[in-house]
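Scroll down for the structure; my scribbles are underneath it.
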Amino acid sequence: MEKAKFAIVGLGVMGQNLALNIANNGYPVAVFNRTESVTRQFVAGLPADQGIIGTYSYVELADSLEKPRRIMLMVKAGPAVDAVIAALKPHLEPGDILIDGGNSYFEDTERRTVELEKEGFLFIGTGVSGGEEGALHGPSIMPGGSVDAWAALKDMFTAAAAKAYDGEPCVDYIGPRGAGHYVKTVHNGIEYAIMQMIAEVYDLLNRGLGLSTMELSELFKEWDAGELASYLVEITYKIFEKVDPETGKPLVDLIVDEAQQKGTGKWTSQNAFDLGAPTHTINAAVTSRIISGMKSQRTVAQALIDGPSEKFSGDREAMIAAIKNALYAGIILAYAQGFGLLHVASEEYDYDLDMQMIAKIWRAGCIIRADLLDDIMKAFDRDPGLVNLLLDDDFREAVVSRQGDLRHVIINGIKLGIPVYALSSALAYFDAYRTERLPANLIQAQRDYFGAHTYRRLDKEGSFHTDW
Ligand code: 6PG
């Protein structure tokens, strides 16, 4: 029997769809799942010539593959990845390639790279973005790790990846060791920031301006046809459109307002703190998800605590136009923070990240895909060493020209008592970044006052302490 060219371990929806995608591209795929019945059910539902081979033990899986073996793990990030690797290893040979396609913590990927390379295996940790649909029809793939393994995977991954409007595949080698998973984590951090800003805009439009869910759907659809065109704006108008068949109400109105999270946004913020990179809006998004989870306390608090009684009383159309500009500026600022973090991490971890390439492979397939990414790619093309998007003429102008609207929208949120933490954090990032003298001089003085921590002076070299 013909040997499979690729294997997938873990047949959740992502694993199944990726297996189908790769098989559809002409590469026979062996599949394995810990619970045998899942494999049986999956394979039973496929035509015989689909090119997917069910296997029911790791020995069988290893035997079914051509060498060097290429085995991709699509299992839950964390201990399950180590457990599968440990169970597989006795059946593998040096030179075989293991790929972790889950949302793994990049430091786990760093560790696994060292452990596996010591034993002669090649390891790739790859981000795969795009959800179920992406996995099936073309995700954005962010592989990091062994260069030799990448060479052996390139054709297959290129075939399976999403293609941008210009035909370019949304996959490329990101960098050594944990670079692929690191970049995917930051992708998710940006994803959190954009989702939170969209949610705040929804709150302003709905609770603040009184737009109905159907009006919101029309508005977001209109926005998706312009500069805000992106997957997240597109799914938002589709969500607003959806009516619950049981109640006849908009489904979104019936969903509990507690945002869950698996951890990648939090990891982005935690790592940004570790590296000393400002990620205001990602942090605000993580914190906003946390407070959303405190539903029972919020319910008690609402009955006890009054906010402003003010209602919106301006020009509704003008405010909607301002909100659109504010969102666009906020999204640029979220990308500026994400790419700024990547810049710092690239140096810290010797990842040698190519920002233009990262923007390029985020243009399609992934959750944060947006027309804007094409412009970001062009900005890094103009200046590959660009340390912050705000230093690019076009992006600076795009935010500067909308800053009045961003400020206006935030002021209105504050007046109405509607939390606009992510939008205002984006503005605070912008204002801090463009300000030469921040009030940190006072913080230094305070630190020196109570702890003799010393300070530096503007007018002379050295380190100083004052008996305050
Ligand atoms: C993607 C998504 C995907 C997943 C998120 C959800 O790029 O395809 O980001 O990885 O849907 O991890 O994350 P939370 O559960 O933390 O929102």
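Just so it is clear, glycine is given a Cβ too, placed from its N, Cα and C backbone atoms.
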Looking at TrEMBL, Asn103, Ser129, Gly130, Gly131, His187, Asn188, Tyr192, Lys262, Arg289, Arg447 are annotated for substrate. Which of His137, His181, His453 sits in that same site?
His453
Measuring CB to CB from Arg289 (substrate binding site), give everything in the same chain under 8 Å that is also at least six residues away in sequence.
Tyr192, Gln196, Ala259, Gln260, Gln261, Gly265
Candidate nearest Met14 (NADP(+) binding site) in space, where candidates are the recorded positions Gly130, Lys184, Glu191, His453 and distance is Cα-Cα
Gly130
Compare the Cα of Asn103 (NADP(+) binding site) against each of the recorded positions Gly130, Lys184, His187, Glu191, His453 and report the nearest.
Lys184
To the nearest whole angstrom, state the Cα distance for the pair Glu191 (active site, proton donor) and Gly130 (substrate binding site).
11
For ligand 1, which among the recorded positions Met14, Lys76, Asn103, Gly130, Glu191 have a CB under 6 Å from it?
Asn103, Gly130, Glu191
Sequence-ordered recorded positions within 10 Å (Cα) of His453 (substrate binding site), taken from Gly10, Gly12, Asn33, Thr35, Lys184, are none
